[in-house]
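S.K.: Once you've had a glance at the structure underneath, I'll fire off some questions.
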């Protein structure tokens, strides 16, 4: 878990600002096609599109000349103008996507195909729009496709121990680096400051599961806010007190290659099986007591 903290910290610091316009449930239909043995992933489930808006500020004259400058298209599509100079979104040609420089730019989709980048993936998905295959094709996780072991019951019980500790340390790291007060709000800073200055805080490092469990029991109050904070970072599109599968994707996709219980953990969180995770269900997954669930802490 430690090795991924720098990468995921970037996602946390950006407050998961991807503008998502298509809502999808937590558990979708599995891919029906036979999966190849090499790279097969027995715990793959679909995740929704990361539909990022194009944020461009231009002078009115420039916009009039090129309407596409102020026209938003979701990922996989680009803006073009028709004969009447009217902007419209069309599928992007995958060959126009920048070539991947590093291996971590590759992504694995639910068809067990490794795409050079998310740009290439979304362009391909767009080309299949309206088809059964396109409906079932989603980005699964970040990185090349690989075999991911099934999560055993004992391993599933261990997952929240590491995840809680990681969330706490992500917040502490944000606090330490938040010199310009743009990573945490004033209220969040005050709450994390209390955790940071607590002499009983378990310092970041590789710890045994027994120690993590002991620390949670002994210093339970330090974990309440980090769990709420993460829920608030994910609940963005829309902010409704529920996490859809799409909203979970920014956290889930980077974790899967390193934590093979990620998918099963999030599935279990949906206690009522309504395909959305409520704050109460999220808190319960991390063993936060019912009386300590507070919607004000996710803001």
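Backbone N, Cα and C define each Cβ position, glycine as well.
These came from TrEMBL, pasted as-is:
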| type | residues | note |
| --- | --- | --- |
| SIGNAL | 1-19 | signal peptide |
| DISULFID | 68-79 | disulfide bond |
| DISULFID | 73-89 | disulfide bond |
| DOMAIN | 90-147 | domain 'Kazal-like' |
| DISULFID | 91-126 | disulfide bond |
| DISULFID | 97-119 | disulfide bond |
| DISULFID | 108-145 | disulfide bond |
| DISULFID | 151-261 | disulfide bond |
| DISULFID | 269-285 | disulfide bond |
S.K.: Residue 73 (disulfide bond): which of the disulfide-bonded residues 79, 126, 145, 285 have a C-alpha within 10 angstroms of it?
M.R.: 79
S.K.: Looking at Cβ-Cβ distances, which residues of the chain lie under 8 angstroms from residue 285 (disulfide bond) while being 6 or more apart from it?
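M.R.: Once residues fewer than 6 apart are set aside, residue 285 (disulfide bond) is near 160, 265, 268, 269, 277.
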S.K.: Please report the Cα separation of residue 119 (disulfide bond) and residue 108 (disulfide bond) in Å, rounded to an integer.
M.R.: 12
S.K.: Rounded to the nearest angstrom, how far is the Cα of residue 97 (disulfide bond) from the Cα of residue 89 (disulfide bond)?
M.R.: 16
S.K.: Cα distance, residue 79 (disulfide bond) to residue 91 (disulfide bond), nearest Å?
M.R.: 9
S.K.: Count the other Cβ atoms sitting within 10 Å of the Cβ of residue 119 (disulfide bond), across every protein chain shown.
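M.R.: Taking every protein chain into account, the count is 20.
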